Amino acid sequence: MKVFLIRHGQTDQNKRGILQGSVDTNLNETGRLQAKLLAQRLLPLDIDQIFCSSMKRCRETIAPYLELKPEVPIVYTDLIRERVYGDLEGMNVVEAKKLLNANHPDHYGEGLSHLTSRLLKFWDEYVVPLQGKKKCVIVLCHGGVINVLRTHFMEEKGFTFDKSKLESKIITFNTSITEIEVTEHGTGHIHTFGDASHLESEETGKLIA
């Protein structure tokens, strides 16, 4: 079974470098365009099931695809909402990282262990039962969520991956796709990290971001 972990489209806060966390923001104009390009990217796939964060920026990202394929079942869930960052929310990302580095990461908002438990609860309750039964599943969520799941799969569950793809820093672009293949026994292989090729402009070759 293939599982595509997809980040939401761009928001004004993303563009300005503001940490959103649990703040329920909308897509901006660029984000809405990214969502339409993502829909075209997903259209050829035979998608069995979609799981989507209940936050607006994720709902708005998957909406163009659902307009084209309304028959695909979707579940909106709080379990894959972005991490709660407490007092850091609304701050510049660079400044927020300085505070995180200066203090214990769990000092602000939702602790990493709690976040990981929440995400694994989602995986165990929603994704694991589909292993060996479905062929293609979409998980539309957040950058922080994808990073935690990816790290857990690589370091704790032993999912294999092409190490050459990790030679440079992984950037989880807006609407980028991380493709994972999971067997019915729970083993897996990560095929792509943050693939945003659908955002490449035909005129400039640069990402629409």
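Using the three backbone atoms N, Cα and C, a Cβ is placed for every residue, glycine included.
From a predicted model like this one, the values you see are computed outputs, not experimental measurements.
Annotated features in Swiss-Prot:
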- HIS8: active site, tele-phosphohistidine intermediate (ACT_SITE)
- GLU82: active site, proton donor/acceptor (ACT_SITE)
- HIS142: site 'Transition state stabilizer' (SITE)
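Feature annotations (Swiss-Prot) mapped to structure.
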{"residue": "HIS8", "record": "active site, tele-phosphohistidine intermediate", "DSSP class": "coil"}
{"residue": "GLU82", "record": "active site, proton donor/acceptor", "DSSP class": "coil"}
{"residue": "HIS142", "record": "site 'Transition state stabilizer'", "DSSP class": "coil"}
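Each of the recorded positions HIS8, HIS142 was assessed for Cβ neighbours inside 10 Å, and the highest tally belongs to HIS8. In the structure as shown, the Cβ atom of GLU82 (active site, proton donor/acceptor) sits within 10 Å of 25 other Cβ atoms. For the pair GLU82 (active site, proton donor/acceptor) and the residue listed as 'active site, tele-phosphohistidine intermediate', the Cα-Cα distance reads 11 Å.
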